[in-house]
Amino acid sequence: MVLFSEALNKTLKGFCFYFTGPQKKSLIFPEETNSSYEILHPVKPMSLTAFTLCMRLASELPNKRDTILFSYYMAGDALNLWSEPGVFTLYLLNSTPASFRFPQLSTFWTNLCVTWKSSSRLTTFWVNGRRSVRKVYRQGHQIQKGGSVILCQDQDRWGRSFESTQSFTGEITNVHLWDYALSSDEILSASEGYTEPEGNVIDWNSVEYEAKGNVLIEPVND
């Protein structure tokens, strides 16, 4: 492990670095690989009976393959978000997925949010401020704390066993996670780049994270 200043913004190839708060920064994953990813360290335990997960991303990966966006692993795929052919998909532990048909990722920025509530079973996706149909998914389920959060690689085992053909390539920023479902107005605000309130589990402006492999960290608006 090496302590490193975020301001250097260098290519992080073959190393691991700790950072705090990539505010106004974009993570760039330039190539398919099984060794480049980001570990995020939530400020609250991932013990969730509801959540909202938002991010902003762009990718030119072919739409014919599955691409992992967010992986939380705790004795299995506790909370995984995927871009799959023709759909965005949410997986919660030991279940069939909740899939939603939307235009796929492209070279232009996509603002993506998903909400889920155990009490009502309702799951909803939002893409660039447009809301999907609401679907019923996993009533009574609780996501358990103590797992590992990784961006852009799928954890087949805790923090490892990655496959390059499922890795994300492109840019990702503004990753926020709340332990409740945001209102429609709050999600629309997040889709426009405003996050008030900021994520109370993962806040992109202050989260501690580790960059591993070939990852670039650059200003979003350069």
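Glycine residues also receive a Cβ, built from the backbone N, Cα and C atoms like all the rest.
Among Cys16, Cys54, the cysteine that TrEMBL records as disulfide-bonded to Cys113 is Cys54.
Neighbours of Cys113 (disulfide bond), defined as other CB atoms within 10 A of its CB across all chains, total 24. Using a 10 Å radius centred on the Cβ of Cys54 (disulfide bond) and all shown protein chains, the other Cβ atoms total 24.
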